[in-house]
Amino acid sequence: MQKLKQQVFEANMDLPRYGLVTFTWGNVSAIDRERGLVVIKPSGIAYESMKANDMVVVDMSGKVVEGEYRPSSDTATHLELYRRYPSLGGIVHTHSTHATAWAQAGLAIPALGTTHADYFFGDIPCTRGLSEEEVQGEYELNTGKVIIETLGDAEPLHTPGIVVYQHGPFAWGKDAHDAVHNAVVMEEVAKMAWIARGINPQLNHIDSYLMNKHFMRKHGPNAYYGQK
């Protein structure tokens, strides 16, 4: 697991580097599906003092199998998403400013331009709010459940992120680094949408044919963006 712990450590260290976290407000995980184990950031440990060996390994029930610290308080959310969506290899949660602002407003991040469409096939959805019972019960598990309720059976890698109402963004990808990449993009397009709607409050969504072109040329069966 050392290689995966190193990857998760590096991905977590990317969060402050890209300006996605303040203090300890974020976490990254990755899964080894063959072993049924997840590596995740320890809870409340400052980034500047964190080391690769501080990463915590848990099984799919959340039991710690390796590590001296408690895992992230959001571990149950990560595990619920891994259980539901086999294509996920890494998950990120942050409180990045602009994506969190959309979450607090209770609004999806609208697809307004090609930057958004290069990564997200449509709006980045916002979940419903959790009930008092859901919050007082298994809060983190229920956060995962409300994300799944919102995504349904859609391919999560076509919409690699979501904002949880009154909470903040979660993003995911093929692995931990891909998940962080998508979290960075989500924050940028959230900022762009806020600025664009401020300039033109009547601004419409990106034309569907343009969105389809930009998403499919990067992610479709005949994708041609980048190098083989």
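All positions are counted from 1 along the displayed chain.
Placement of Cβ uses the backbone N, Cα and C atoms for every residue, glycine included.
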(request) Quick one: which of His167, His177, His181 does Swiss-Prot put in the Zn(2+) site with Asp74, His93, His95? (result) His167
(request) Might you list, by sequence position, any residue in that chain lying six or more from His167 (Zn(2+) binding site) with a Cβ less than 8 Å away from its Cβ? (result) Thr100, Ala103, Thr143
(request) Counting Cβ neighbours within 10 Å across all chains shown, tell me which of the binding-site residues His93, His95 comes out on top. (result) His93
(message) Within a 10 Å radius of its Cβ, which of these binding-site residues (Gly26, Gly44) has the fewest neighbouring Cβ atoms?
(response) Gly44
